[in-house]
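Chemist: Structure in structure tokens, see below.
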Amino acid sequence: MLLCIDCGNTNTVFSIWDGREFLCTLRTSTHHARTADAYFTWYSTLIKHYGIDTDITDVIISSTVPRVVFNLRVFSDRFFGCRPMVVGRPECLLPIQARVDAGTAVGPDRLVNSAGAFDRHGGDLIVVDFGTATTFDVVAEDGAYVGGVIAPGVNLSLEALHMGAAALPHVDISRPDKVIGTNTVQCIQSGVFWGYVGLVTGITERIRKEYARPMRIIGTGGLAPLFAQGDMLFDTIEDDLTMHGLTVIHAYNKENGIAHEQ
Ligand SMILES: Nc1ncnc2c1ncn2[C@@H]1O[C@H](COP(=O)(O)OP(=O)(O)OP(=O)(O)O)[C@@H](O)[C@H]1O
Ligand SMILES: CC(C)(CO)[C@@H](O)C(=O)NCCC(=O)O
Ligand SMILES: [K+]
């Protein structure tokens, strides 16, 4: 069985892939100081709670936070006796190219999303991921990641308003029925929600114009369903896209790589 680990700047997600389906998905906050033993305590408690029969033989990691990888390597080695594949390391091959400026270190999550989306849908895609940042990844006809857009994430924007303005409270995102808010909370929710609808619509329209070929738009990340409500922002929404990309990259390396033998 394969343990897929996706570390974002806010959350770290573990999913167990048995070759056919994901048996479970576990989520914790990302914290670079978490030790291998602490990961295992958390992991084994939840696995026991869900009563899942696991036999982890392989681990693959994508991390946007470089510092967490060391402890996850120790975790993988100590508790599963295996050396993890780490997306972005030279020994981890990718089934897709990254055609970007020389010296650019593309976020591994964006490469994983591109690989996962290309595997499911073929090329000419825009993948929109609502994480800590809201990212747009453009996937070419041959599956290559050819660039995109990075915008501040929804929760970061809400937090920035609260941090920067003494009279603005912390507000959770939700979809307001109206645009014109009649109290402070509604005004903030309207600004961020409808602002993001405008951002996604405007950026995808501009990408389509610049790319000059028909493209499909895939939404992913925890907030994608909220933004899809009532507005035709996406062709499909897939909450497991990053995890699927990790299984695709793992399988590709099993067939073509040497990473797993090191
Ligand atoms: N209706 C909602 N209101 C507020 N937050 C929500 C809602 N639905 C989902 N979320 C939040 O979305 C987050 C899941 O998003 P996702 O895992 O895609 O990105 P993230 O963990 O915020 O960012 P990163 O992957 O960069 O760490 C969770 O923290 C979840 O609490
Ligand atoms: C943009 C984020 C933070 C989104 O998780 C991540 O993909 C990242 O750190 N990227 C590095 C820069 C880039 O992708 O061009
Ligand atoms: K994410």
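Note that Cβ sites are derived from N, Cα and C of the backbone, with glycine treated the same way.
Those TrEMBL annotations? Automatic predictions, nothing curated.
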Chemist: Per TrEMBL, what member of THR57, THR104, THR132 joins ASP6, CYS7, GLY8, ASN9, THR10, ASN11, THR12, VAL13 in binding ATP at one site?
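Modeler: Among the candidates, TrEMBL records only THR132 at this ATP site.
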Chemist: What is the number of other Cβ atoms found within 10 Å of the Cβ of ARG110 (substrate binding site)?
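Modeler: Taking all protein chains shown, ARG110 (substrate binding site) has 26 Cβ neighbours within 10 Å.
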Chemist: Please state whether DSSP places GLY107 (substrate binding site) in a helix, a strand or coil.
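Modeler: Its secondary structure by DSSP: coil.
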Chemist: Checking the binding-site residues THR12, ASP109, ASP129: which ones have Cβ within under 6 Å of ligand 1?
Modeler: none
Chemist: Using DSSP with the three-state reduction, classify THR184 (substrate binding site) as helix, strand or coil.
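Modeler: DSSP call for THR184 (substrate binding site): helix.
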Chemist: Name them in sequence order: residues not among ASP6, CYS7, GLY8, ASN9, THR10, ASN11, THR12, VAL13, THR132 whose Cβ is within 8 Å of the mean position of the Cβ atoms defining the ATP site.
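Modeler: Not counting the recorded site residues, we get THR30, THR64, VAL65, GLY131.
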Chemist: Relative to ligand 2, which of the binding-site residues GLY107, ASP109, ARG110, ASP129, THR184 have a Cβ found under 6 Å from one of its atoms?
Modeler: GLY107, ASP109, ARG110
